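Chemist: Handing you a structure now.
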Amino acid sequence: MPSTGRIKKLMAANRGEIAIRIFRAAAELNLRTVAIFSKEDISSVHRYKADEAYQVGKGKSPIGAYLSYEEIVEMALKHRVDAIHPGYGFLSENAAFAKLCEDNGIAFVGPTAASLEQFGDKTKARNLAISHNVPVVPGTAHALEDPAAARAWCAEHGYPVILKAAHGGGGKGMRVVRSEAEIEQSFALCSGEALKSFGNGEVFIERYVDRPRHIEIQILGDGTDVVHLYDRDCSVQRRHQKVVEVAPASGLPPALRQRLFDDAVRITKASGYRAAGTVEFLVEPTTGSYFFIEVNPRVQVEHTVTEVITGIDIVQSQILLAGGAKLQKDLGLTQDAISTRGYAIQCRVTTEDPANNFQPDTGRLQVWRPAEGFGIRLDGGNSYAGSVISPYYDSMLMKVTGSALTFEGTAAKVSRALRESRIRGVKTNIPFMLNVLKHPVFLSAKCTTSFIEDSQKELFDFPRDASQDRATKMLDYLAELAVNGRSVVGAEGPRTPDFAVVLPPPELTDKRAPPPGFKQVLERGGPEAFAKAVRAHKGLLLTDTTWRDAHQSLLATRVRTRDIMAIAPATAQLLHPLYSIENWGGATFDVALRFLHECPWDRLAEMREAVPNVPFQMLLRGANGVGYTSYPDNVVFKFCDTAVKSGMDVFRIFDSLNYLDNMKLGIDAVGAAGGVIEAAVAYTGDITDESKTKYTLDYYLEFVRQLVEHKIHVLAIKDMAGLLKPAAAVALVGAIRREFPDLPIHVHTHDTAGTGVASMLAAAHAGADVVDCAIDPMSGTTSQPSMGAIIGTTLNTPLETGLSIGSIVPLMDYWESIRVSYAAFEANQKSGSADVYLHEMPGGQYTNLLFQSKQLGLAGQWPQVKKAYAEANVLLGDIVKVTPSSKVVGDLAQFMVANKLSAEDVRRDAAKLNMPSSVVEYFEGLLGVPPGGFPPLQAAVLKGRKAISGRPGATMAPCDFEATRAKVAAAIGTTAESVPDTDLMSYLMYPKVFTDYRKQIARFGSLTKLPTRAFVEPMEKGEQIEVEIEEGKLLSIKLLAIGELVPKSGTREVFFELNGVPRSVVVTDRTAESSTTMRPKANKEEAGQVGAPMGGMVVAIKVKEGDVLAEGASLMTLSAMKMETAISAPIAGKVEQVTVAINEDVAQGDLLVKIVPSSN
C-alpha cells in the first residue's frame, strides 16, 4: 500500500454520497476520518460513516453551512485534521478555501490554489488552452461585468451563445441565449445561480455549439507528470446537467480520440497540475472538429465509470497525491501501464419526477432496496428505509454503475438493476432512465447533447403507474380507510360480511378459446351483415345487462372491474349465443372514474380480451356522448371512433328527450366509426291508455320512421322505467314489425313493477328479435328481468334462446356470492313496486336517487320524493325521462321536498327560486327540445334569459384536440405526447372528474386488484388479505396496529406487515378534527339574507364584500351529489357579508350572503 505521507486524519468537506465515497477510500488507506454536517443533515448517513463528525454552519442556511470554509478550516485545526477532501460541488473549486488550507498546513486533496485560480476561472482556462494550441469555442477572454457587455459581444459575434458560470460546473449557472431579448434575464439567472452554488456570480460567454457530443478526458497529475485515464461520453444531458455517463466513449475515431488525450495531457501538464481533473471537449459528430470548453479541477460525479474500466481508484489516488506521492514512482501509473476493459455506464437515480418536468420530490423513504449483482456498483448517500428526503440539497439518491465487456451488455445490466431496485415513498427518475437505456439512438452510441430534447416522445412515454410503487400506494389507501373509515361514496349499508366467492369450475376460467359468436359475424361482414344475421336468426336472442344496467339499477353502478373480470372467461364460454353484453354507458363511465377510481377504457380493453366472441354494447346519449351536456360535434365523432377501436361494437343511441336532431348526430358518429347503429326510441307513458294523448302509438311509429330514414341497423325500444306493459309491448312491437319486416328490433325494460318477464315475452311473440335480461341474482326489481326465467319459459318453443338454465348456473352462483361484497351499496328493495306507473322513475335512477336523497337529508321522505318526482315531471312538460333528462326531474323533485314546495308553489314562485342548475339548463334548451315544446314555466325559470333554438351542439366550435391534449397533460403532469386518445376523451366528457381521478391514482395507484371488501371496508386489526397485483405477483398484507393520535399533527401511524416485512404509514385523522362549524341560518323575513336552498358544498363564489349587484345576479354555486344549484341575488343591493368559502359544506338554510338593499 503506498504511503499517505503526513496525512493520518482526513476530513471530507462535503456531504452525502461523495463524502461516503471519500471515507471508504480513506479507510482502505488506514486513515482516520472526520465528517461535517449541517443542522439539516443531523440524520445524514455520511456523518455515521466517519470516525468523527461535527456540526458546522450554525445559524446559516443549509447550503451556506457547507460553504463556510473559514469555520471548516478552524474546525479541522481544532481536531488535528491533516487533510481536507472537498469532493465535488460546494467548495471543491474555491481557490480561497484551498489557499487557507495551505496556509494552515492542511493538505488540500485537490489542485493547488494556483491551479484552482487558473482552471476555476473558465476564462483563464480558455486562454491557457489557446496558448497551447488547443482549439476553443469562440468566447470572451474574461468574465463579463454586466448584461451590456454580453450584449456587445453578441452584437459582434452573433447568436446563439451560451452564458456560463466562470467558477463552477455541474450544469449550474448556464443558459443558452438565442436572441438579444433573452440576454438580460439569462444573465441575471446565470449570475444568481452561480453565486448561490459556487459563491461567485461571475459569468462568461461562448458561441453555442449545436448538437455536439460532450467528451471528457480523466487525468491524474502529480505536479510534474500527467497521465490520462481515457475518456467518458457525457452527451446525455438535461439543461446542461449530465444524466447518463459512459466510459469509454463509443464510436470515436482512434485518431480523434488520441488528439483529445494529447491535448488534455498537454494543457494540464503545462500548468503543473496535481490531483485528479477532467478536461472537457465538445465534438461535432459530422466533421470531427472539437473544442476545449473547460478543466474541472476536482473529482467528477461520473468518476465511477472510469474507475470500473481502468481499475484505478481515483479518490485514493487523489489522497495519495495530496500526501506527496508521485505517479510513476509511488503509484506505478505510467501511461503504458494504464488500459481499459469493457464498458461502464453510470445512471444517477434522483428523487425527480420525470412526468412532472423533473420536479424534485421529498418525503420519507418507506422502502429502500437497491439492486445488486454481478457487474453492478452502487454509490449511495443518505438513503435507507425510513430516511427523510429533504428539499435542501441535491436530489440524488444513488449512482448505479454497470459494467460488461460490450456496450449493449452494459446497458442491459444497468437496466436490469434499475428495474430490480425498489424505492418507495418518493418519486424517482428511474422510468426516464429506463427509456434512455433502451432508446435506439443511445444504444447506437450516437447521442449528442440534444438527445433528450430531440427524443421527448420516446423518453417521456411512461406507463400510467410508471413508478410501479403499487404496494406502497395500496398501503396508503388501506391506512386511510383504517383511520378515517369508508371512503367510497355511496357505501351507506351494513358492513360487508365475510363470504366465500363461488367461482366457476377451472375448465370455464382457463384461457381456452371460447366458441364463436355474433362478434365473429360482425367481424366478417360488418354492421349490415350483422343486422341481417340477427333478423334471420331462429329463436329469441338475449342481451345480458349484468355488467352495466343491472348493477347500475341495484348497486348504484358500483361493481368493480376485478369482479367482472373474475367471471368474464366463463361468461364467454357459457353465453356465446348472446346478441350482446351490455357493459358500457354514461353511468358506468362516470362512476368508474369518480367513485371506483378506475379507467373505463382499461375496463373495456380487459373485457374485450377476455370475451372475444360476444359483441359488446354501450349506451350513447346521442349528442351528449356519455356525459350530461352537449359537446362539439367532432368530440362525439372522435369518442365513437375511439370506442370502436377500443373494442366496442353495438351503440344503443338514444336522446333523453327523443330529440331527433341529437339522435342524428350520434347515428352519424357511430356510422362513421364503423359501429352497429342501434337507434333507440325512449318509451314513456302508456299507449294502451286512450286518455293519454301525448305519447301515443302514432307518436312512436312516426319517430321510428324518421330513425329508419337515417339508415340505422337495429331499432331499440328503450323502456327505462319499466312502463311497457305486456299489452303495450304487443301493440308497439307488432305495429313496428308489420311496417318494417326486415328491421331487427331490440327491447329493453326494467322489472320495477314485477312485469318484466311478461313484457319481454309479449314483445318476443309480437316480433322482437332481442330482449334485455340479467343473470338471476342481479335481476328483478329496478334491474332487468331474469335471464333464467326467460330461458325457462321459452324452452321447447320457437323462441328458444340457445341457452339452458343448467348452463348458466355457474354464473348465477358467482353473482349471488359476489353481490354480498356490495352490501354497503344495496338499496334494500325487498320487492317490486307498481307505483312506478305513477311516478315513472327509471330503474337505473331509482337506487341512485334514493341514495342522493339520503345524502341530502331526505332519507325519511322517500315517498314524498317519489310523489314530487311525478309532479316535477308534469312541471317540466311530461317529458321522456332518461339520463340526463331524468336527472333534471330528480333534481327538481328533491329541491321541492327539501324546500317543502308544492307544484303550485313552484309555478307561482319560479322567478324567485334558485332552481337546480340542471333545471335551468333544461329550460335553456341545452338538452334539446322536448316533444310538444317547453311548458309555460320556462319563462319564469329563465328570468329574462333567452333559450337557445335547435340542437345545442350545432353552434359549438369544433374542439382543438391537440390544444386540449396539451391542457390535459398540464393538468395531470405529463407531456402531450403521453396523453392517449382514451384519456383525452375522458377529459372531454368529464374534465374535473377525470383530473380528480388522476390525482387519486397518483396518490393511491391503481386499486383494481384490491379485493372489493378491502376496497370498501377498513381492515380490522389482525386481518390479513392477499392481493395479486399481476400474474405471479402476490402481496400479503396484514394490519398490525393503529397508533395513538399525535395531537400536534393530528396524525396516526398505521402499522402493517407487507410480505412479512414491517411497514408503516402516517395518516391524518380527520375524525379527530374539530366538530362541524355551526353556521347562522338565513332569516327568511329579511329579503337580503340568502340561505342555502339545499345542503351541499360551495364550489364557486362569484361575489365579494362591497360588490354592488343587480337583482338576479349570480352569487355562487352549490354542489351536492352531482346536482348543482346556482344561487342568485333575490334583490338589488350591496354585498355586506359572504359567510362561506369555496369547498365548505353547508346545510339547508345556512346563511350564505347578506345583501343590503339598494336605496331608491
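Each Cβ is built from the backbone N, Cα and C atoms, and glycine gets one as well.
Sharing the features that TrEMBL gives for it:
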type	residues	note
DOMAIN	6-457	domain 'Biotin carboxylation'
BINDING	Lys122, Glu206, His240	ATP binding site
DOMAIN	126-323	domain 'ATP-grasp'
ACT_SITE	Arg298	active site
DOMAIN	540-809	domain 'Pyruvate carboxyltransferase'
BINDING	Asp549, Lys718, His748, His750	Mn(2+) binding site
BINDING	Arg621, Thr883	substrate binding site
MOD_RES	Lys718	N6-carboxylysine
REGION	1069-1089	region 'Disordered'
DOMAIN	1087-1156	domain 'Lipoyl-binding'
MOD_RES	Lys1122	N6-biotinyllysine
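Explain the structural surroundings of these features, please.
Modeler: When Cβ atoms from all protein chains are considered, those within 10 Å of Arg298 (active site) total 29, not counting its own.
Mean pLDDT, taken over the domain 'Pyruvate carboxyltransferase' (540-809), works out to 96 on the 0 to 100 scale.
Spatially close to His748 (Mn(2+) binding site) yet at least six residues away along the chain are Thr543, Thr545, Asp549, Arg652, Ala680, Ala716, Ile717, Lys718, Asp719, Met720, Val771, Asp772, Gln784, judged by Cβ distances under 8 angstroms.
The 10 Å shell around the Cβ of Arg621 (substrate binding site) contains 27 further Cβ atoms across the protein chains shown.
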Chemist: Just counting, how many other CB atoms are there within 10 A of the CB of Thr883 (substrate binding site)?
Modeler: 26
Chemist: Using all protein chains in view, find how many other C-beta atoms are within 10 Å of the C-beta of His240 (ATP binding site).
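Modeler: His240 (ATP binding site): 17 neighbouring Cβ atoms within 10 Å.
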Chemist: Within 10 Å of the Cβ of Asp549 (Mn(2+) binding site), how many other Cβ atoms can you find? Include all protein chains, please.
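Modeler: Step by step: centre on the Cβ of Asp549 (Mn(2+) binding site), count other Cβ atoms within 10 Å, giving 29.
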Chemist: Going by C-alpha positions, which of the recorded positions (Arg298, Arg621, His750, Thr883) is nearest His240 (ATP binding site)?
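Modeler: Minimum Cα distance from His240 (ATP binding site) across Arg298, Arg621, His750, Thr883 lands on Arg298.
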Chemist: Give the residue counts of the domain 'Lipoyl-binding' (1087-1156) per reduced DSSP state, in the order helix, strand, coil.
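Modeler: Helix/strand/coil tally for the domain 'Lipoyl-binding' (1087-1156): 0 helix, 39 strand, 31 coil.
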Chemist: Cα distance, Thr883 (substrate binding site) to His750 (Mn(2+) binding site), nearest Å?
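Modeler: About 15 Å separates the two Cα atoms.
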Chemist: Which one is it, among the recorded positions Arg298, Arg621, Thr883, that lies nearest to Lys122 (ATP binding site) by Cα separation?
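Modeler: Minimum Cα distance from Lys122 (ATP binding site) across Arg298, Arg621, Thr883 lands on Arg298.
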Chemist: For the ATP site (Lys122, Glu206, His240), what does the 8 A shell look like? I mean other same-chain residues with CB within 8 A of the CB centroid.
Modeler: Gly139, Ile162, Leu163, Lys164, Ala165, Met174, Phe204, Ile293, Glu294
Chemist: I'd like the Cβ neighbour count for His750 (Mn(2+) binding site), meaning other Cβ atoms within 10 Å of its Cβ, all protein chains included.
Modeler: 33
Chemist: As a test of the contact definition, list every same-chain residue at least 6 positions from Glu206 (ATP binding site) whose Cβ is closer than 8 Å to its Cβ.
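Modeler: Expected: Val137, Pro138, Gly139, Thr140, Val161, Ile162, Lys164, Ile293.
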Chemist: Expressed to the nearest Å, what is the distance separating Arg298 (active site) and Arg621 (substrate binding site) at their Cα atoms?
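Modeler: Cα-Cα distance, Arg298 (active site) to Arg621 (substrate binding site): 67 Å.
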